[in-house]
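What TrEMBL says about this one:
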type: DOMAIN; residues: 33-107; note: domain 'FAD dependent oxidoreductase'
type: BINDING; residues: 71, 72, 135, 152; note: FAD binding site
type: DOMAIN; residues: 120-293; note: domain 'FAD dependent oxidoreductase'
type: BINDING; residues: 192, 247; note: D-dopa binding site
């Protein structure tokens with residue numbers, strides 16, 4: 001995978017209007033316009049998979065936050081199986097296997113040193129657009145887009161009216177400790193030490209229903225103490241930074257199609273969110289499935305509606 005040269009960034013609503021004028025005027029009439037709302041791990045993965053799998057589509061990622069300001073940037077990024085009670089086991093295994101195979105292919109490639117253990121934004125190679133914009137209502141994307149993919153995580157409480165999704169607050173420390181080469185994790189997984197490419201992540205917390213994004217100094221001291229108990233050499237760590245992320249959690253991943261209707265207009269939506277703490281472990285598998293759902297929406301758009309017989 002190589003950095004994409006065709007991805008472009010525009011800023012603000014005015015730029016969006018200009019983008020519409022130049023982009024949609026020149027697109028082929030049979031090109032389905034897909035908007036992916038959300039630029040975290042799920043949104044960017046879904047954009048890549050959709051651009052690869054869905055036939056004749058233009059893909060635009062729209063979000064008010066991009067790396068390094070997303071929840072995905074706070075996560076340690078460890079590939080560990082995660083259980084979703086409301087999702088069939090065979091489907092969870094499929095998602096994890098597809099994600100594992102994808103990450104393994106990167107680790108075996110010439111780009112492994114650049115990508116490290118993470119998939120990061122900026123490595124899409126199939127073309128597309130990126131817009132910085134806050135979406136208040138999915139309907140505001142109609143008629144500029146034919147299909148919308150909702151990857152907004154906790155934002156789905158507002159955008160999709162989903163009362164089942166809730167935050168699980170995670171506070172971590174990012175430290176410089178280059179001598180730490182192996183991960184350490186306690187039995188419950190609450191205390192962990194995960195070495196990355198540029199820093200070591202020390203964690204953590206699982207605070208259900210807590211929306212506070214400000215670091216708590218007392219929690220940071222507790223995390224550091226717990227991690228030093230597992231690896232005493234961490235007392236020599238430097239450049240300690242506090243980070244907080246809100247895991248978008250729900251009983252099961254929401255991965256489904258929905259057809260919105262308003263004033264005689266229809267807007268196909270593919271929902272892809274609610275992975276909680278297990279997003280990194282299944283993101284590519286669920287993104288592939290989301291892309292398959294987008295393809296089904298594209299097919300439905302191109303299939304003429306039969307006229308009623310008199």
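Placement of Cβ uses the backbone N, Cα and C atoms for every residue, glycine included.
Model, not experiment: these values are computed from the prediction.
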DSSP helix/strand/coil residue counts for the domain 'FAD dependent oxidoreductase' (33-107)
36 helix, 12 strand, 27 coil
Of all the binding-site residues here, 71, 72, 247, which one's CB has the most other CB atoms within 10 A?
72
Starting from the Cβ of residue 135 (FAD binding site), draw a 10 Å sphere and report how many other Cβ atoms land inside it.
21
Could you measure between residue 247 (D-dopa binding site) and residue 135 (FAD binding site) for me? Cα positions, answer in whole angstrom.
20
Would you identify which of the binding-site residues 152, 192 has the most other C-beta atoms lying within 10 angstroms of its C-beta?
152
Averaged pLDDT score, the domain 'FAD dependent oxidoreductase' (120-293)
93
Rounding to the nearest whole angstrom, report the longest C-alpha distance spanning 71, 72, 135, 152, listed for FAD.
19
Inter-residue C-alpha distance, residue 72 (FAD binding site) and residue 192 (D-dopa binding site) (nearest angstrom):
17
Whole-number answer please: how many Å between the C-alpha atoms of residue 71 (FAD binding site) and residue 192 (D-dopa binding site)?
18
Whole-number Å distance between the CA of residue 192 (D-dopa binding site) and the CA of residue 135 (FAD binding site)?
35
